[in-house]
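**Q** Below is a structure I'd like to ask you about.
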Amino acid sequence: MATAANTTAGPAKDGAPAPNAPAPPKTLNGIVKQVLSGDTVVIRATKGAPPPEKQITFSHVLAPKLARRPGAGGDETKDEPWAWESREFLRKKLIGVEVTFTYDKPANSNREYGFVWVGKDKETGENVVESIVREGLVTVRREGRPTPEQQTLIELEDQARAANRGKWAHNVNPADKVRNIKWSHENPAHIVDIYGGKPVKAIIEHVRDGSTVRAFLLPDFHYITLMIAGIRCPGVKLDADGKPDLSVKVPFADEARYYVETRLLQRDVEIRLESVNNSNFIGTILYPKGNIAESLLREGLAKCVDWSMAVMKTGADKLRAAERIAKEKRLRQWQDYQAKTPAFNSKEKDFTGTVVEVFNGDAINVRLANGQVKKVFFSSIRPPRDQRAVVGTDGEEIVKAPPRGKNYRPLYEIPHMFEAREFLRKKLINKKVQCNLDYISPMRDNFPEKHCYTVLIGGQNVAEAMVAKGLATCVRYRQDDDQRSSAYDQLIAAEQQAIKGQKGLHAKKDNATLRVNDLTVEHSRIKVQYLPSWQRALRTEAIVEFVASGSRLRLYVPKDSCLVTFLLAGISCPRSSRPALNGVPAQEGEPYGDEALTFTRERVLQRDVSVHIDTTDKAGSSVIGWLWTDQNVNLSVALVEEGLAEVHFSAEKSEYYRLLKSAEDRAKAAKKNIWANYVEQVPEEKVVVEEDKDEKVVVERKVNYENVIVTEITDTLTFFAQSVDNGPKLEALMNKLHADFQANPPIAGSYTPKRGDLVAAQFTFDNQWYRAKVERIQGNNATVLYIDYGNKETLPISRLAALPPAFSSEKPYATEYALALIALPADNEDKEEALRAFSDDVLNHKLQLNVELKVGNGPHLATLHDPTTKTDLGKQLVADGLVLVEKRRERRLKELVEQYRTAQEAALAAHLAIWKYGDITQDDAPEFR
């Protein structure tokens, strides 16, 4: 030992041959490192790292033998009764405790025998040998003439026998004091599943190196070899035969083992099993001061290991943080560490923005608040790649895929690439994201420098979500490479789960490519194969893949799996500038061409849109039609309204001509963009003095505008409107109703509705529950009116449920009105045209409503006004020749009726719409009856 202390004379130890001149036993101090059995301990010195050790066998006593595992120097043996109890008595009393001990070594013995006292002074300390004899857990040797110490032990043993203590108890079956140890496990993974990731109590029995231990799992005594998850400590080098080569000293290996021994060896700990590696278990060890892996990393005695960190359920981020501390302090293994990650300024490192474009599965464009657009690459992941490339073990392409033809489109032809892009597009486009810079990848192989970020949306890591679905793989790094995602461990864990679930790229079946018909190249197939069905369809769903100019786009049509060039109908848009490409010189754009391109890109690029295709261009290479954005906005009208396009003469025959013309007039009036220098001769308007008007009106017409949104239109020209002020209340009510039905879904068929009942109905479009009134029952179907929106639907009775009382007290949020002073024409085609125009003008628009006349039982008569242009929309329908003026005699409406009649006479004189063949009201004359 390193610390020698008092030496005192004493009797020779029994059980060992007495020498002719016995040496006095030595007295030393130390700390108990390990208890080998009920009569043997290992004591280490109080100084040194690691300090010297000495094994002491107690004098004059014999403890029951502990079980021996097979292969450890012999065959498997069982515990002798009370062997474990005697070992545990000493372990709990002595491990980590400073003791005083005496020892001597008989001449013909390999062992050193002695006594142990708790504390620094044997005169005042507890004699451990006497204590274990007193507990009846060992047997005292009685051969030969006893020494005074031996005689004391004999007397204590007699007392233990008399008191039935320990192994001398008569009422205990010795077989009950023998452990059933599971030395080996045929299915280690099953053991992991049994404990289910929960901490299990354990005792560390052996420390092989700083990151590998052997332990008993209690209370079932599973004996396991455990590799500490997420780390690796320096260990012993192996020779050519795979055996430890003790002649080679590995830096910090002994220090790491000593660090773990002093904290864990024969201590009570908790182990959380994470996984298995061959016959070894992988897990986390928790001791009173925390996670031993974190401690080792913080001291620079271990390094993080990606492969085992991936199996950890929690805590990987703490391990990285602990390792980072050791790197910054350059402790032990990191004494020569040099950080490779460059410093970033705060503006470059973290920012929030809106996603405007998604690239092929590994990058996005993000627009910042100042309008700047940044390209953001996802950290530490790779998108699907060409399967013809040869990939190394680190994930890098050793041999790149041979080149494809000029019409090769990797987005569709590389398996899972389109699926990955679609996942990102649907999740991110036009959404706010938080971008945290992890590293900058330098320029390589003609590829520019990449800024790689962890991208979060709603707190979720987008890259992790991709990897979890098998739509990307993790980049593998060298162990000392810090150029990686800050959430790298979560990425690795997500990839392991995707592999286990055989998702996406990890599926065993062959990954088929997406078959796409490229009509931007194969023009001849447009008219013959696709155009007829597109023309018949009211609307066709599509995705905008590319915007070439304000009115020229490339669409992907999922239903037909084809790409097609699409031109916006009804407008003429200025040409945008074009960069030099493939030897073609750059072209300057027309005024406001680039602004039109930007306007269109910001509203439809990579968005879901709906189109109606009318025809093709003269060459048959592109289709021409109308496009509605995901907000149901007609893009042609929007461009004209913004002054970025003008109405084309071909629009005159279109049903949208009136909308286009009105939008163009408003743009001209506001002198927007291309109309900035437009001058129009405006005739002088006759100003009517308000006081004079009041004198002519006998009963005053009341004007009290209410902001509303029209939600539904009926075929009789009545409409349902919601008050804008009630919007937040309605939204809160719907959220509460949806949450209630999600938490307590009704049992289908348990409710029998009756006509007039206020019920909850499950809307077919989104399968959500809404308040409704039953209008008619027909067999197993019911027609309901959704009272908060005004739309009707016939659906199975099984989709109806009783409305909870908490939702029945509030009045309907949608009110039905009739358009004042308006009558529909008798002809069905004219009626449909009027309803379509009215729908385009008001449906889902924010308008101003004024109740002109309250009717007893029917809907109140109301007028609707555009808040921007101050246009009376009912009067505009009259002026466009789409409806007739109703005959009303109320004096308060007299002036309004006269204005409507003036508009009708102007439409008749111009032969507009229903008046194109003359005055249709003449059919009511007596001679035609």
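Backbone N, Cα and C atoms are what each Cβ position is placed from, and that goes for glycine too.
Bear in mind that TrEMBL entries carry predicted annotations, made automatically and left uncurated.
Taken from TrEMBL, the feature compositional bias 'Low complexity' covers 9-18. Summarising the annotation, TrEMBL assigns domain 'TNase-like' to 26-170, 198-336, 349-508, 538-677. According to TrEMBL, the feature domain 'Tudor' maps to 752-810. The region 'Disordered' annotation in TrEMBL covers 1-28.
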**Q** Count the CB pairs under 8 A between the domain 'TNase-like' (538-677) and each of 26-170, 198-336, 349-508, 752-810, then give me the winner.
**A** 349-508
**Q** Per DSSP, how many helix, strand and coil residues does the domain 'TNase-like' (538-677) have?
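**A** Tallied per class, the domain 'TNase-like' (538-677) gives 41 helix, 45 strand, 54 coil.
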**Q** Restricting to the domain 'TNase-like' (349-508), report the mean pLDDT as a whole number.
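**A** So the average pLDDT across the domain 'TNase-like' (349-508) works out to 84.
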**Q** In the domain 'Tudor' (752-810), how many residues does DSSP put in helix, strand and coil?
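**A** Output for the domain 'Tudor' (752-810) reads 6 helix, 28 strand, 25 coil.
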**Q** Which numbers of helix, strand and coil residues does DSSP report for the domain 'TNase-like' (198-336)?
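**A** Summed over the domain 'TNase-like' (198-336), the classes give 40 helix, 50 strand, 49 coil.
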**Q** For the domain 'TNase-like' (26-170), give the DSSP counts of helix residues, strand residues and coil residues.
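**A** Counting residues by DSSP class gives 37 helix, 43 strand, 65 coil.
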